[in-house]
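To start, the structure itself, in structure tokens.
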Amino acid sequence: MTQRLLVYVPPHPLIKHWLGVVRDVATPSVLFRSAITELGRWLTYEAARDWLPTQDTTVQTPLAACPATFVDPQVPVAVVPILRAGLGLLEGAQTLLPLASIYHLGLVRNEETLEPSCYLNKLPEKFDPQTRVLITDPMLATGGSIMTAMAELTHRGVDPALTRIICVVAAPPALQKLSAEYPGLTVYAATIDETVNDRGFIVPGLGDAGDRIFGT
Ligand code: PRP
């Protein structure tokens, strides 16, 4: 079977609601932050469906023995927030995945060339090949940052088929690059927007997510 990049836009009313809030230019920083946290929570909930490994066992209820399914504690789970803006989605993700290890990756785009550079890399030298990896970054625009992140991860043994990206707004250039290089990867986005302008901003997008989260 040919593998393809999977991109899901979950048709969830709460995802739509919080997307509307973060798009609105009138939303103040404090509300923007909590809306991004909510999106992190709901997108992680959706992404975990067929991704988080479980194991079947039995438990004894007060009345009888019955089958039970638990999250498998043996399989490592990692969350990789792309700084800065990916930190906004981290809290919601961490709430749902309390046992996950968090590996920060700091990437910033040059405002003229739009090329990303790495200023912080807390990734381990090698990942267990079974590790489930969740990348958080609200914006996939030209795709430079997410492609850099994926290259850093796959060089360290991460399997793209076991990787999920959660983002708020994805744009075609980033999705095309991911599709060409990483078939088998899965992206969960609150929406897919049409274009990236010549300054590297997604249109209509939501502006600069990092600046709006941190008020800088
Ligand atoms: C933004 C955004 C993504 C990246 C997307 O980060 O949060 O990481 O740009 O753009 P790309 O797909 O064209 O690479 P930015 O570099 O502005 O840094 P920040 O998160 O610190 O604001």
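Placement of Cβ uses the backbone N, Cα and C atoms for every residue, glycine included.
According to TrEMBL, the protein carries these features:
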type    : residues                                                                                      : note
DOMAIN  : 9-216                                                                                         : domain 'Phosphoribosyltransferase'
BINDING : Arg84, Arg109, Asp137, Pro138, Met139, Leu140, Ala141, Thr142, Gly143, Gly144, Ser145, Asp208 : 5-phospho-alpha-D-ribose 1-diphosphate binding site
BINDING : Ile202, Gly207, Asp208, Ala209                                                                : uracil binding site
* Structure fact -> Record-listed 5-phospho-alpha-D-ribose 1-diphosphate binders Arg84, Arg109, Asp137, Pro138, Met139, Leu140, Ala141, Thr142, Gly143, Gly144, Ser145, Asp208 have a maximum CA to CA distance, in Å, of 17
* Given the binding-site residues Ile202, Gly207, Asp208, which one's Cα is the least distant from that of Gly143 (5-phospho-alpha-D-ribose 1-diphosphate binding site)? -> Ile202
* Asked: In the same chain, which residues outside the set Ile202, Gly207, Asp208, Ala209 have their CB within 8 A of the centroid of the CB atoms that define the uracil site?
  -> Ala85, Pro138, Met139, Val169, Phe201, Gly205, Leu206, Gly210, Asp211, Arg212
* **Which of Asp137, Asp208, the listed binding-site residues, has fewest other Cβ atoms within 10 Å** => Asp208
* Structure fact -> Sorting the binding-site residues Asp137, Ala141, Ile202, Gly207, Ala209 by sequence and keeping only those with a Cβ under 6 Å from ligand 1 gives Asp137, Ala141, Ala209
* To do: Whole-number Å only: compute the distance from the Cα of Ala209 (uracil binding site) to the Cα of Met139 (5-phospho-alpha-D-ribose 1-diphosphate binding site).
  => 7
